[in-house]
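I have placed the structure first, in the form of structure tokens, so that the comments after it can refer back to it.
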Amino acid sequence: STSSEEGCTDLLPPGVCNLLNPAAIYANNEISLGDVEIYGFDYDYTLAQYSNLLHSMIFNTARDILIEQFKYPEGLGKYDYIPGFAIRGLHYDVQKSLLMKIDAFHYVQLGTAYRGLKPVPDEEVIELYGGTQHIPLYQMSDFYGKGPSLKQFMDIFSLPEMTLLSSVIDYFITHGIEFDQVHLYKDISDAIRDVHVKGVMYKWIEKDLEQYILHGDEIYAVLNRLVNHKKKLFLITNSPFSFVDKGMKHMVGKNWRDLFDMVIVQADKPNFFTDRRKPFRKLDDKGSLQWDKINQLEKGKIYKEGNLFDFLRLTGWRGSKVLYFGDHLYSDLADLMLRHGWRTGAIVPELETEIRIINTEQYMHSLTWQQALTGLLERMQMYQDAESKQVLLEWMKERQEIRSLTKNLFNPQFGSIFRTFHNPTYFSRRLVRFSDIYMASISCLLNYDVNFTFYPRRTPLQHEAPLWMDQLCTGCMKTPFLEEMVHIR
């Protein structure tokens with residue numbers, strides 16, 4: 001088949017490599033940007049991406065609130081933020097003080113259940129859930145990942161929260177102090193919320209925009225390009241006006257508001273999308289509230305609160321013409337997609353790091369070898385004589401070792417946010433469900449024409465997938481182990 005392969009390479013521009021592009025936009029659903037007339041944006045972590053510096057600031061401030069206001073033990077002051085401890089999308093079982101990664105089928109990924117800063121042995125996890133790794137999530141949490149006993153951490157701000165939770169539990173366990181799980185969880189989420197609500201966080205960022213905000217120039221380029229192509233833009237954020245104003249001036253310039261048809265601050269999402277109660281209020285240019293009733297949304301004006309139903313009524317914008325970008329799958333994207341037929345774009349900053357890891361030689365080798373071993377196990381399992389059993393056991397052990405090696409490439413505690421070994425994570429399944437396209441940053445839009453159509457790749461369903469061995473023999477994978485494997489056949 002070499003001639004057909006040669007014919008195929010003629011079609012590819014020279015220098016095409018097998019690597020994934022971290023700045024690409026990935027599509028779950030076919031979507032043509034040409035049909036999109038209106039672009040909507042969330043602000044925090046969507047237009048404004050923050051440097052990781054912010055995490056330790058949030059952690060420290062919330063830790064101090066626990067000590068000073070909630071009278072938690074002084075000893076907690078010794079704990080510092082651990083970058084890279086937690087990942088997004090983890091579930092926390094409040095009653096059992098367990099932080100863990102759950103896959104799309106509601107199974108706990110063994111080896112990723114932590115109490116405090118230490119992993120809990122697999123046997124214990126299984127025992128805690130009545131002899132299974134399966135957690136019936138619907139009993140414990142609702143559609144939005146919140147529930148009486150199970151909470152899913154979905155936004156980027158929750159990284160410091162999970163780390164603080166784990167640190168406090170660690171302190172209590174190592175000092176043999178009894179604590180009430182429910183109060184502990186509540187106190188920590190309150191302390192983290194205070195950092196936001198009382199505006200401490202806004203002050204640090206305003207003081208040092210250079211250091212905290214990433215990709216500023218690119219955001220300017222994206223918004224300008226859209227406006228030059230006659231697209232309408234709007235912004236819906238939970239943050240206060242003065243904060244957004246300073247950030248946008250820093251990224252886009254003092255006339256940033258000229259680019260937007262609509263700016264809505266302190267929107268109180270997700271209630272903004274689900275609840276009809278709060279009407280819009282107008283702010284004047286200084287950001288002070290005005291009292292008049294809102295019968296139209298005017299360009300260049302700033303609005304506060306409001307709700308999506310009034311928004312749609314006053315703008316007349318219809319779902320499929322609107323593409324809305326946000327980083328929070330539930331509170332930004334779920335309702336828009338499911339109830340209102342908006343197109344949605346998820347901003348997943350972790351994508352960049354994860355793709356860089358997938359592109360490493362080490363990862364590709366591990367994965368190929370892992371697939372090979374799995375294929376061998378599936379094929380050879382019927383040989384049950386003593387010698388064969390021994391070989392099968394060794395393969396299983398090796399497969400397990402490679403799996404944990406691959407997991408550690410992403411994050412030693414919890415692995416990748418998208419996969420648990422071979423399954424998608426609960427987070428991944430939600431991402432595919434609620435977003436038409438996803439990308440590491442808004443700036444990825446600069447790599448595509450404004451009329452570009454995204455076509456999702458047709459990935460094989462299980463019954464369409466080729467067999468293991470055939471997958472291995474593709475010319476593109478230079479598998480160093482193939483030679484060794486020939487005699488196994």
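Yeah, the Cβs are placed from backbone N, Cα and C, and that goes for glycine too.
What TrEMBL says about a protein is an automatic prediction, not a curated fact.
Per TrEMBL, the features are:
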{"type": "BINDING", "residues": "Asp42, Asp327", "note": "Mg(2+) binding site"}
{"type": "ACT_SITE", "residues": "Asp42", "note": "active site, nucleophile"}
{"type": "BINDING", "residues": "Asp44", "note": "GMP binding site"}
{"type": "ACT_SITE", "residues": "Asp44", "note": "active site, proton donor"}
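Other C-beta atoms found within 10 angstroms of the C-beta of Asp44 (GMP binding site) number 23, with every protein chain shown included.
In this structure, the C-alpha atom of Asp44 (GMP binding site) lies 8 angstrom from that of Asp327 (Mg(2+) binding site). Shown in sequence order, Leu235, Ile236, Thr237, Lys269, Tyr324, Phe325, Gly326, Asp327, His328, Asp332 are the residues of the chain, 6+ apart in sequence, with a C-beta less than 8 angstroms from the C-beta of Asp42 (Mg(2+) binding site). Its own atom aside, the Cβ of Asp327 (Mg(2+) binding site) has 22 Cβ atoms within 10 angstroms in the protein chains shown.
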